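J.: Before I ask anything, here is the structure I am working with.
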Amino acid sequence: MFARQATSVSAFLVLTLSLFAAASPLGPAPPTTSQCNVGNQQCCNTVQDSSSAPAAALLGLLGVVLQDVDVLVCSPITVIGGLNSACDASPVCCENNSFGSLISVGCIPISL
(Lines of atoms letter the chains of each structure in order from A and count residues from 1; the text may use other names and numbers.)
(Lines give C-alpha, C1' and ligand atoms only; values in the text may rest on other atoms or scores of the structure.)
Protein backbone atom coordinates (compact mmCIF):
# COMPACT_ATOMS: atom_id res chain seq x y z
CA MET A 1 0.00 0.00 0.00
CA PHE A 2 2.83 2.39 0.87
CA ALA A 3 4.63 1.60 -2.40
CA ARG A 4 1.46 2.34 -4.36
CA GLN A 5 1.06 5.78 -2.70
CA ALA A 6 4.74 6.59 -3.22
CA THR A 7 4.39 5.71 -6.91
CA SER A 8 1.31 7.92 -7.23
CA VAL A 9 3.04 10.84 -5.51
CA SER A 10 6.13 10.40 -7.69
CA ALA A 11 4.04 10.30 -10.85
CA PHE A 12 2.16 13.42 -9.75
CA LEU A 13 5.42 15.30 -9.05
CA VAL A 14 6.94 14.30 -12.39
CA LEU A 15 3.79 15.38 -14.24
CA THR A 16 3.57 18.68 -12.34
CA LEU A 17 7.24 19.55 -12.84
CA SER A 18 7.06 18.73 -16.54
CA LEU A 19 4.06 21.06 -16.90
CA PHE A 20 5.95 23.89 -15.19
CA ALA A 21 8.95 23.28 -17.44
CA ALA A 22 6.75 23.36 -20.53
CA ALA A 23 5.05 26.57 -19.40
CA SER A 24 8.27 28.46 -18.68
CA PRO A 25 9.53 30.81 -21.41
CA LEU A 26 12.37 29.62 -23.58
CA GLY A 27 15.29 31.84 -24.47
CA PRO A 28 16.00 35.42 -23.51
CA ALA A 29 13.35 38.10 -23.40
CA PRO A 30 12.97 40.15 -26.58
CA PRO A 31 15.01 43.36 -26.57
CA THR A 32 13.26 46.56 -25.68
CA THR A 33 13.03 49.17 -28.40
CA SER A 34 13.77 52.80 -27.91
CA GLN A 35 10.80 55.09 -28.36
CA CYS A 36 11.08 58.72 -29.34
CA ASN A 37 8.48 61.19 -28.15
CA VAL A 38 7.53 63.96 -30.57
CA GLY A 39 8.98 66.66 -28.31
CA ASN A 40 12.38 64.95 -28.18
CA GLN A 41 13.14 65.15 -31.91
CA GLN A 42 15.87 67.55 -32.93
CA CYS A 43 17.49 68.56 -36.18
CA CYS A 44 21.27 68.49 -35.81
CA ASN A 45 23.36 70.98 -37.71
CA THR A 46 26.45 68.84 -37.12
CA VAL A 47 27.27 65.52 -35.49
CA GLN A 48 30.69 65.48 -33.87
CA ASP A 49 32.71 63.18 -31.64
CA SER A 50 33.42 64.62 -28.19
CA SER A 51 37.16 64.46 -28.89
CA SER A 52 36.94 66.74 -31.97
CA ALA A 53 38.33 70.26 -31.50
CA PRO A 54 35.03 72.18 -32.04
CA ALA A 55 33.02 69.88 -29.76
CA ALA A 56 35.74 69.83 -27.08
CA ALA A 57 35.88 73.64 -27.12
CA LEU A 58 32.11 73.97 -26.75
CA LEU A 59 32.00 71.32 -24.01
CA GLY A 60 34.81 73.13 -22.18
CA LEU A 61 32.93 76.44 -22.32
CA LEU A 62 29.83 74.75 -20.89
CA GLY A 63 31.80 72.85 -18.23
CA VAL A 64 30.67 69.45 -19.54
CA VAL A 65 33.15 66.59 -19.13
CA LEU A 66 32.61 63.62 -21.47
CA GLN A 67 34.77 60.86 -22.88
CA ASP A 68 34.05 58.61 -25.88
CA VAL A 69 30.54 59.97 -26.41
CA ASP A 70 29.12 61.40 -29.63
CA VAL A 71 28.15 65.02 -29.17
CA LEU A 72 25.38 66.39 -31.34
CA VAL A 73 25.24 70.15 -31.85
CA CYS A 74 21.54 70.58 -32.59
CA SER A 75 18.71 72.97 -33.29
CA PRO A 76 15.21 71.68 -32.49
CA ILE A 77 12.71 70.57 -35.13
CA THR A 78 9.69 72.85 -35.00
CA VAL A 79 6.18 71.70 -35.80
CA ILE A 80 5.10 75.27 -36.53
CA GLY A 81 6.35 76.46 -39.88
CA GLY A 82 4.75 74.07 -42.33
CA LEU A 83 7.04 73.01 -45.17
CA ASN A 84 9.97 74.98 -43.78
CA SER A 85 10.09 72.73 -40.70
CA ALA A 86 11.71 69.79 -42.53
CA CYS A 87 15.13 68.74 -41.28
CA ASP A 88 17.73 69.00 -44.04
CA ALA A 89 20.61 67.92 -41.78
CA SER A 90 20.60 65.04 -39.25
CA PRO A 91 17.31 64.23 -37.47
CA VAL A 92 17.82 62.63 -34.04
CA CYS A 93 15.90 61.68 -30.92
CA CYS A 94 17.19 63.05 -27.60
CA GLU A 95 15.80 62.70 -24.07
CA ASN A 96 16.79 64.90 -21.12
CA ASN A 97 20.38 65.29 -22.25
CA SER A 98 20.69 68.83 -23.61
CA PHE A 99 22.86 71.60 -22.24
CA GLY A 100 21.20 74.99 -22.65
CA SER A 101 19.81 74.21 -26.14
CA LEU A 102 23.35 74.45 -27.53
CA ILE A 103 24.23 70.74 -27.61
CA SER A 104 22.60 67.39 -26.98
CA VAL A 105 24.57 64.31 -25.95
CA GLY A 106 23.94 60.64 -26.74
CA CYS A 107 21.13 61.13 -29.25
CA ILE A 108 19.87 58.39 -31.56
CA PRO A 109 19.57 59.01 -35.33
CA ILE A 110 16.02 58.65 -36.70
CA SER A 111 14.47 58.77 -40.15
CA LEU A 112 11.56 61.08 -40.83
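Cβ from N, Cα, C; glycine included.
Worth saying up front: this structure is predicted, and the values here are computed from it rather than measured.
Pulled these features from Swiss-Prot for this protein:
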- Cys36-Cys93: disulfide bond (DISULFID)
- Cys43-Cys87: disulfide bond (DISULFID)
- Cys44-Cys74: disulfide bond (DISULFID)
- Cys94-Cys107: disulfide bond (DISULFID)
- Asn96: N-linked glycosylation site (CARBOHYD)
- 1-23: signal peptide (SIGNAL)
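Describe the structural context of each listed feature in the structure shown, including burial, neighbouring residues and relevant distances.
T.: In this structure, Cys93 (disulfide bond) is part of a beta strand by DSSP.
DSSP assigns Cys43 (disulfide bond) to a strand.
The Cβ neighbour count for Cys94 (disulfide bond), using a 10 Å radius and every protein chain shown, is 21.
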J.: Out of Cys44, Cys94, Cys107, the disulfide-bonded residues in the record, which is closest to Cys87 (disulfide bond) when you go by Cα distance?
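T.: Among Cys44, Cys94, Cys107, Cys44.
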J.: Could you tell me the C-alpha distance between Cys93 (disulfide bond) and Cys107 (disulfide bond) in angstrom, no decimals?
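T.: The Cα atom of Cys93 (disulfide bond) is 6 Å away from the Cα atom of Cys107 (disulfide bond).
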J.: Disulfide-bonded residues Cys43, Cys44, Cys94: which have a Cα within 10 Å of Cys36 (disulfide bond)?
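T.: Checking each Cα against Cys36 (disulfide bond), the hits are Cys94.
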J.: Counting across all protein chains present, how many other Cβ atoms fall within 10 Å of the Cβ of Cys44 (disulfide bond)?
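T.: Taking every protein chain into account, the count is 23.
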